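This report refers to the structure that appears directly beneath it.
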Amino acid sequence: MSGETYVGAIDQGTTGTRFMVFDHDGKVVANAYEKHEQIYPEPGWVEHDANEIWDNTKQVIDAALSSAGLDAEQLEAIGITNQRETTLVWDRETGQPIHNAIVWQDRRTTDRIETLEAEGKTDDVRAKTGLEPDAYFSATKAEWLLDNSDPIKLQRSRPEDIRDRAADGELAFGTIDTWLIYNLTGNHITDVTNASRTMLFNIHDMEWDDELLDEFNVPRELLPEVRPSSDDDYYGTTDADGFLGAEVPVAGALGDQQAALFGQTCFDAGDAKNTYGTGSFMLMNTGDEAVMSEHGLLTTVGFQRSGEPVQYALEGSIFITGAAIEWLEDMTLIDNAAESEKLARSVESTDGVYFVPAFTGLGAPHWDQRARGTIVGMTRGTRREHIVRATLESIAFQTRDVAEAMESDSEIDLSSLRVDGGAVKNNFLCQLQSNILDTEIVRPQVDETTALGAAYAAGLAVGYWETLDELRENWQVDREFAPKDPQNVEHRYGRWKEAVDRSLDWAREE
């Protein structure tokens, strides 16, 4: 492969880190993956070790390049995509985090959001950020870190108030993209898509919002510079004396769901995709208009290229989909994710069983932080096959909840939906989704479109690809699933909504 050049993408996800290398045709030429530990200090709390994530990032880059016989000099650029909202704060001098990263799934700041609601401030937050105020986003996580991190972890002679150090500019806040850009280039930068998920960023003015910073007591000195998702000026370059041994431009970054939108070439208003990962996230490009939702969806930044207007998106965030399959493994109902398809096919129906996987509350369009996982309709005749099938159906039903809200807000009927993510390898799920949505499901040949989107953003910035049309030509269909065999879909969907109602407000304090 000597002489050829490529673009690399770091895909830092909830459960692990991947590095992929793509050629001009958008084909994968190298790929490596490493899991990291999920840390659960208390019920409802989820943390990651940011140093472990950085170590794994270096490992997968080395492993991918080695496996394909590539040198770092053959990379024209690196793009980054990441689990969004996950939040950390680190010491600028030592580069060490002051606490584990607080993961997007973490619910420790639920009470803070309820205080915001009680004070009547949610409408203002929603108007500025496009987000439904929730512990999911970064603002309350950053506030918690500044209030609760152990100052001894700063490894200074004066273990004093972290807030003082933050105000003095000695600490840095970031989502995972910022952490990786910092470690790769030494620069403190985020992109517009990740900034839009912090609940501190005004998506209309496209800047950090002073009123929100005051509300959550986050000093501006803590914050990164906000740059386009595809940046002709680059975020910086890797160090020739560092682990890569080459100066490679780091030129693109997008939150994982926006990266998938970009990788699916959803460049025009009305284009939509659904990504099935730990959670599921449906995004529809709304062009240069920030369409504010009246049906429980989020309005967010889709992407921005250098010198061009911001492209916005409507988003339906479903917290638990693929993680429900992992739960089946944890409960030893299946040995691996692939077995779920076989078991689901082995029964004609769920036999009246409905599973609402609200392990961390419910996202769009319900937004109930105190909803909890619920299985209804079981009898003595219920078998594991029924529960497995009900789990897959829950993914499709939750997606329909979001799709109906999206059609109402956008006034666009979904005639086709592009899908990606690990779960779309499951043909049963794709067909089930088509039936329940009564919509064509289109699966691309490259299903890891999140990494591809990050590569496209970086590659466009350095001229590896010149136009969006080149990227559209790269997009190839693997399989299309047309609706068939509805099996009382409307009745089943009605029963699903009843099951959701049973799950709501369960974890309330007596």
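In case you wondered, yes, glycine gets a Cβ from its N, Cα and C as well.
Neighbours of Gly322 (ATP binding site), defined as other CB atoms within 10 A of its CB across all chains, total 20. DSSP classifies Gly322 (ATP binding site) as helix under the three-state reduction. Annotation source Swiss-Prot lists ATP binding site at Thr14, Thr15, Thr278, Gly322, Gly422, citing sequence analysis.
Annotated sn-glycerol 3-phosphate binding site per Swiss-Prot: Thr14, Arg84, Glu85, Tyr136, Asp256, in sequence order, evidence recorded as sequence analysis. Shown in sequence order, Asp11, Gly13, Thr81, Asn82, Gln83, Arg84, Thr275, Gly277, Phe281, Thr450 are the residues of the chain, 6+ apart in sequence, with a C-beta less than 8 angstroms from the C-beta of Asp256 (sn-glycerol 3-phosphate binding site).
Classification of Thr14 (ATP binding site) by DSSP places it in coil, neither helical nor stranded. As annotated by Swiss-Prot, ADP binding site applies to Thr14, Arg18, Thr278, Gly322, Gly422, Asn426.
Annotation note: Glu85 (sn-glycerol 3-phosphate binding site) sits in a coil segment as assigned by DSSP. Annotation comment: Swiss-Prot describes Arg84, Glu85, Tyr136, Asp256, Gln257 as glycerol binding site.
Distance from the CA of Gly422 (ATP binding site) to the CA of Arg18 (ADP binding site) is 13 Å. A separation of roughly 21 Å, to the nearest angstrom, links the Cα atoms of Glu85 (sn-glycerol 3-phosphate binding site) and Gly422 (ATP binding site).
The ATP site is defined by Thr14, Thr15, Thr278, Gly322, Gly422, and by the 8 Å test on Cβ atoms against their centroid, the other residues of the chain that qualify are Gly13, Gly277, Gly279, Ala323, Glu326.
Listed in chain order, the residues near the glycerol site other than Arg84, Glu85, Tyr136, Asp256, Gln257 are Gln83, Thr86, Trp104, Arg197, Gly255, Phe281, Ser317, each with its Cβ within 8 Å of the site Cβ centroid.
Residue pairs drawn from Arg84, Glu85, Tyr136, Asp256, Gln257, the listed glycerol binders, are separated by up to 15 Å at the Cα level.
Site extent for sn-glycerol 3-phosphate: among the recorded binding residues Thr14, Arg84, Glu85, Tyr136, Asp256, the largest C-alpha separation is 15 Å.
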